[in-house]
2 protein chains.
Amino acid sequence: MERIERHACFGGWQDVYRHESKVLGCDMTVGVYFPPQAEEGPCPVLYWLSGLTCNEQNFITKAGAQRYAAEHGLILVAPDTSPRGDDVADDEAYDLGKGAGFYVNATREPWSRHYRMYDYIVEELPEWVESDPAASDRRSISGHSMGGHGALAIALKNPGRYRSVSAFSPIVAPTQVPWGEKAFSAYLGDDREAWKQYDTVELVKNAREKLPLLIDQGEDDNFLAEQLRPELLREACDAAKHPIELRMRPGYDHSYYFIASFIGEHIAHHARALKG
Amino acid sequence: MERIERHACFGGWQDVYRHESKVLGCDMTVGVYFPPQAEEGPCPVLYWLSGLTCNEQNFITKAGAQRYAAEHGLILVAPDTSPRGDDVADDEAYDLGKGAGFYVNATREPWSRHYRMYDYIVEELPEWVESDPAASDRRSISGHSMGGHGALAIALKNPGRYRSVSAFSPIVAPTQVPWGEKAFSAYLGDDREAWKQYDTVELVKNAREKLPLLIDQGEDDNFLAEQLRPELLREACDAAKHPIELRMRPGYDHSYYFIASFIGEHIAHHARALKG
């Protein structure tokens, strides 16, 4: 493990680490924000999953989340979005391969060797983070777009593991929209039944734990109608009596300007769950 | 004039415009944040001058300033840092030519044709901004590093024009440090007397208006000892009885993580001056 960046930020430290991932078979970079409270004892952790094309930098440089994490005493962990390296399979398109891991365990060649982002996020990354005495084992999860899909699906698949979950502009039904169909075909093959294990709309139907879903969605998001389709999740939640707070935000788009505007509310939400 | 970006942000709008600069002889891009209050009547304007290598994007994506501008009802204007375009003189180094205009009017070839950032920032940009009915003619100015130099020098050279001035990690004595010596030699020639008109430490000696200088400086800034040297400004201010608040910040570096941590205090400072 190597610390490759350290910046004082809102009284704490915004770090970037490189660590070896056995699960992914490559080195991974991770942004970790330690709030000032981490000097005094273990702090709970909010995991943030970024969207297509992102790496660990986007959230830590653009969301302005450190201010709120410092207020509430949360550690923020922002991993990269796929395995990386010269020997990792890739595709020319922005929505497949590097930068587009979709938080699944790939089962098909050439992807299955490295693309195991689900196991990395659920198991290996928290093990590594929570071995630091500054981190407690209380954790929540959030994310944006592809990372919103990841956060929701991972929380629903792992009852009891996360105190709270939220998402910005998530891909809620990857099995029904072009981004998800393309990625899942490549990573998981043609059996659409196998896709459902990573689809939030499907998972909510049989969720054992009724963890409330907090979602913000911009109404002027270019991807809303074709790729995101939050109404499918609202309908599934209503049918399953699964609690959801879906906030449609007039005027807002898919960018980090949107995330920055409401990340404070999400962090307050997670802080209540993590410290309650 | 063309609007090339518009994003909802903290209840207002983060825009980016391209407009024709007659002074610079090229098109320029400018970030403009309109707070929600701009819908109801003219708002005062804070001009932000960025540092070496930056364009209009750095401040608007990384500083998290919109939150505070929305709280206080300020418009934020973040221009590019030099003229741009294929016919604009440039240099391979990051600290000369494009991205390094140093907010002076160049007098030497090949720079004098386009590099007139001083006139652009003082005259042409505010004329363009303040022709918008959403903007009042109350203005303040701030900036980072090379832009901190620009903000301080411009405010001191134009008594009465700015209600307040502040800077992060400014180059306070460009005539005495390598960055400034290199740029001023190129843009202004060998006559070091001519350089002094753009040097904050020199300007403060005879400032007609005792506009207080608010400065934040990270103690772990890699450029502190060689390029920034805030102690020279503190001494000059003490000698001239010019009010200065120089806040040395332990642990902080030269990055936008530093700016983000304290921009809220700067915007509150400017808001008091602009709305008082």
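Even glycines carry a Cβ here, placed using N, Cα and C.
The Cβ of A:S145 (active site, charge relay system) lies under 8 Å from the Cβ of A:G51, A:L52, A:F168, A:S169, A:P170, A:I171, A:F223, A:L228, A:H254, each of these being in the same chain and 6 or more residues away along the sequence. As annotated by TrEMBL, active site, charge relay system applies to A:S145 (among others).
The Cβ of A:D221 (active site, charge relay system) has 21 other Cβ atoms within 10 Å, all protein chains considered. Residues annotated as active site, charge relay system in TrEMBL: A:D221 (among others).
Annotated active site, charge relay system per TrEMBL: A:H254 (among others), in sequence order.
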Cβ neighbours of A:H254 (active site, charge relay system) where a neighbour is any other Cβ within 10 Å: 22
